[in-house]
Amino acid sequence: MQNTEPFIRRVKMDNWTAALLTGVACIVGYLVVRVKKINSLRQAEEKIQRARNRRDESLQRAEQAVLRYKQSHPTTDSAFILTLSLSELTQQLNEGLLRPEDVLYSYMEKTLAVNQKLNCCTEILLESLDQLTTVGSNKDGLLYGVPVSIKENITFKNHDCSCGVVINLDQPAEKDSVLVQVLKKQGAIPFVRTNLPQALLNYDCSNPIYGQTVNPHNPQKTSGGSSGGEGALIGGGGSLLGIGTDIGGSIRIPASFCGICGFKPTAGRLSHCFIFRMKLVPSSPGPMARDVDSLALCMQALLCDHMFSLDPTVPPLPFNMEIYRSSRPLRIGYLESDGYTHPSPSMARGVREVKALLEQAGHTLVPYCPLKMDQIFPELLIKGFLADGATTLLQKLEGGPVDPCLEPQVFPYGFPKWLKKTISFLLKPVFPRVSANFDALCGVGSVPELWKQHAAVEDYIQETIAHWRSCNIDVLLCPVTGPAYNFLYCGKLSTAVSYTILYNLLTFPAGVVTVSTVTTKDEEELKHYKGCYQDMWDKLFKEAVSGGEGLPVAVQCVALPWQDELCLRFMKEVEQLVKESKK
């Protein structure tokens, strides 16, 4: 019988060798991954530093330019210029009583001061100084000589459009967005770009590149988002007209938090070219300003032949001034609560007080309630945003730090599907709202399911329009999220945007008007806040809005699709009635 011992020893040695080689390979693989991650983080830090250096350089050069101009033009009355409304400013510019350079340098100086306090700017557009030499060729424009601030995600030639995400840095745009081109054609001078939250899908205003923007009324509060840099700059007096974007309340929430006016047009009314957008829950660019007339003038300027020519996908519907100036009595639907997020005491009070003013003015107020909020929020809204289970969003965030304001929101996005389903199952008996939202984080699952999702959204839009018409209302008065939150709560409270995000899903035009401030009584009532579901999110909402005495309180005005002028007319009515009531 042949001796098998050498064979067995050889086999054992081969197994040990294989095991050793496998172990070495694992260690090498781990080290390679670690090195790649370290290199990726180092590259991210270098990109961030370059972006910050560009911002700092633009601020320094703008400060020097302002100083030189003040020395050579000592009689310029900047304080007076800053007090003018947009309509007053355009009138004085058109009549030659003011020069565009006086106005631009006055606002640039104010912007630099506001930015030092609020950290709301990502860079000063030094091209604006060169534009002063050519702006005279657009003297017939409706915004001739008007300095305009622009949200950072709106494409501007030779500048990054980072959306607060490191991976998007060092990729300067090749051309201006259509809206920027139209603004310039109308004589406006884009002069500053403003801050936003990382990846836009958050209603705070902080990112790892440019940091946290704070509220102009209380630096211990957030300015809101995602157009939070615009809200803070305009609310702080550094701009009188800005362009933001709104995908879930991103114009309206910062307008509410910062005490200004903001308008989200019907989806598709203004050009989206070279602006981030989604299909299931459409985004809309729109104006932000101190008063409603400024919003209307901006819409009138943008809705022109030049935009229709540059972007043929936009319906050629000029602004209807007759509707905006109409004074016919309206049938107005109203609600204090949508049944999904119970309003803060100041939110509800704002609606009640405006309702009373509207009734005294001869309008008819009709109770209204949105349909199926508990179903559509997880099934149509969350799945609309995160149809792929948040895969694309997480990929965008790879290779760079995640901002603290976004971290609690995206943390569960990375859970495997089975874990999301398990958590949803376990939470269902005690926290049904949290359970439904966890299940929705899985996304739609397949292409056929995506088609069903599209169909369900269309069905819901038609169902809502039918419900609206059965109530026989022209417009709708409802709360808007507020007052301004304490820091680090926005990422924990995605459900609180239910009052705004609904009208993105529906594609309805909606705007915000500031009507009041938080009172001591509001704060006392907040202590007894329970919410609609009495779950963790209701508790967090109470904490988020606490300590808000003196902060702005706003209401939201809504109309049917393509009735943008009627929505603005309603906003103007609210603004005037509130102003008259305070005399």
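Each residue, glycine too, has its Cβ placed from N, Cα and C.
Per TrEMBL, the feature transmembrane segment maps to 16-33. Residues or ranges marked as coiled coil by TrEMBL: 34-68. Summarising the annotation, TrEMBL assigns domain 'Amidase' to 103-568. Feature annotation from TrEMBL assigns active site, charge relay system to K151, S226. Per TrEMBL, the feature substrate binding site maps to L200, S226, I247, G248, G249, S250. Taken from TrEMBL, the feature active site, acyl-ester intermediate applies to S250.
Features recorded in TrEMBL, as mapped to the structure shown.
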residue	record	contacts (Cβ under 8 Å, 6+ apart)
K151	active site, charge relay system	R193, T194, L196, S226, S227, G229, E230, G242, I243, G244, T245
G248	substrate binding site	L201, Y203, V281, L381, F385, V497, T500, I501, N504
G249	substrate binding site	Y203, V480, T481, V497, Y499, T500, I501, N504
S250	substrate binding site	L200, Y203, G225, S226, S227, G244, S283
- Message: I want the residues beyond L200, S226, I247, G248, G249, S250 whose C-beta is within 8 angstroms of the mean position of the substrate site's C-beta atoms, in chain order.
- Response: L201, N202, Y203, G225, S227, T245, D246, I251, I253, S283
- Message: I need to check the long-range neighbours of the coiled coil (34-68): which residues 6 or more away from its ends have a CB within less than 8 Å of a CB in the stretch?
- Response: 105, 108-109, 112, 115, 121-126, 129, 160, 162, 166, 169-170, 208-210, 398-401
- Fewest other CB within 10 angstroms, which one of the binding-site residues L200, I247? I247
- Near S226 (substrate binding site), how many other Cβ atoms are within 10 Å of its Cβ? 36
- Message: Averaging the per-residue pLDDT over the domain 'Amidase' (103-568), what integer do you get?
- Response: 96
